[in-house]
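Quick look at what TrEMBL lists:
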type	residues	note
DOMAIN	16-400	domain 'Amino acid transporter transmembrane'
TRANSMEM	22-41	transmembrane segment
TRANSMEM	47-68	transmembrane segment
TRANSMEM	95-114	transmembrane segment
TRANSMEM	139-156	transmembrane segment
TRANSMEM	163-185	transmembrane segment
TRANSMEM	205-224	transmembrane segment
TRANSMEM	236-260	transmembrane segment
TRANSMEM	280-308	transmembrane segment
TRANSMEM	320-337	transmembrane segment
TRANSMEM	343-367	transmembrane segment
TRANSMEM	379-400	transmembrane segment
Amino acid sequence: MADNGLRIPLTRTPGSSSFMKASFNGTNSFLGIGFLTIPYALSSGGWLSLVLFFSIAAMTFYTGLLIVRCMEVDPSISSYFDIAERAFGMKGRMIVMFMMNAEMYLIAIGFLILEGDNLQKLFPEFMIKLGELTLDGKQSFVIITGLLLSPSMLLTDLSMLSYISATGVFSCLVIVVSIFCVGAFDGVGFHAEGSVLLNVDTLPTAVGLYIVSFGGHPVIPSIYMSMRDSCQISKVLVFSFVLATLNYMTIAILGYLMYGDGVESEITLNLPTSKVSGRVAIYTTLLIPVTRYSLVVAPIATAIEGGLSEKYKNQKPVRLLIRVALLISTVIVAYVFPYYESLMAIVGSVFVVSASFLLPCLCYLKISDLNWNWNCEQMGVVGIIVFGIFAGVLGTYSSISELIT
């Protein structure tokens, strides 16, 4: 790789995260912004689309392992950007840096929009008046969320962030239990009209949302570097993907059985606020941005820090200033563009497909310098690339069509 100020010594310094802390960070990164949209994805694709759901889960788990293999080739690799440079030179690094940062940045914006939607559902009459300026409920809550998130920007150590991540994982479990209680005890039931086996017309939407659900790959190198024993990273990925997949599957099936084709893009928007279980689920949802935002913006902040001179890159005030600036900018964008579905379509079709399917495979093939004999592994990697290209093109076309119409 070319020499530059972003390199680290050829021997890695062990991090401070234990296996369990790394597992919570991993699970939290994959139980992300797609958690509440997965019932809507199932309603868009039908029951048979669960086959694609499990296939996508398996493929993204494997590409996560490919990222780890790339890091193990060269001890100087410490980030996704280093992997791209090792494979395709500085141009590859710049392209991947832009795409990864754009993906994580949009996901962070999505967290703020999600918070605004759910707070507005709980308090539909809320607004803020500042002289002649009046902010409606959703816009007000986006700004309030930004203020509440500011303390989490003070944490720059993933070992410390693991405690927040653990809260995020348990909050997802609480949401699943609360939604079950809404269906079982609050009169909604599990026999909604409109359930179908396969809905071909909206299947691309389902696939796109399934892909978004497993879009945490840019965080994997950070988790790997944070571990005391990086040899356990494969077990961390198994733990994270299994727990995330079980949570996704459970909430998807519950939501579809309860509301059928009437399920909203965020399942919490269907829940009755007059019932205790519904309010518990919505209130718990409000923890999602708080528990994930810092983890999502960490790779962006690290990339910015890497471009600074040695004089500034390790200074804590500078690191904090970078994170606060990222928070303020995402709040502004979420305030101006509060369209959750459109944002998720863009993230899934363009950025997550690239980060979770195409780039891990292409970088692995380049770095490992395999002798092509078309064995099962090589055919599997090529198959993931083909699927990623097809899903990305189809999803992008579908997203643009929906925005135009």
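Glycine is treated like the rest: Cβ placed from N, Cα and C.
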Task: Residues of the parent chain within Cβ reach of the transmembrane segment (379-400), under 8 Å, 6 or more residues beyond its termini - done: 59, 62-63, 66, 204-205, 207-208, 211, 342, 345-346, 348-350, 353-354, 356-358, 361-362, 364-365
TODO: Take a look at 22-41, 163-185, 343-367 and tell me which one has the most Cβ pairs under 8 Å to the transmembrane segment (47-68).
DONE: 343-367
Open item on the list: Please tell me whether the transmembrane segment (163-185) and the transmembrane segment (280-308) touch - that is, whether there are at least 3 C-beta pairs under 8 Å between them, with each pair 6 or more apart in sequence.
Closed with: yes
TODO: Test the contact criterion for the transmembrane segment (343-367) and the transmembrane segment (95-114): 3 or more CB pairs under 8 Å, pairs 6 or more apart in sequence, then answer yes or no.
DONE: yes
TODO: Please work out which recorded stretch in 22-41, 95-114, 205-224, 236-260 has the most C-beta pairs separated by under 8 angstroms from the transmembrane segment (320-337)?
DONE: 95-114
Open item on the list: Restricting to CB pairs under 8 Å, which listed stretch, 22-41, 139-156, 205-224, 236-260, 280-308, is in contact most with the transmembrane segment (95-114)?
Closed with: 280-308
Open item on the list: With a cut-off of 8 Å between Cβ atoms, can you find at least three pairs linking the transmembrane segment (236-260) to the transmembrane segment (22-41)? Only pairs 6 or more residues apart in sequence count.
Closed with: yes
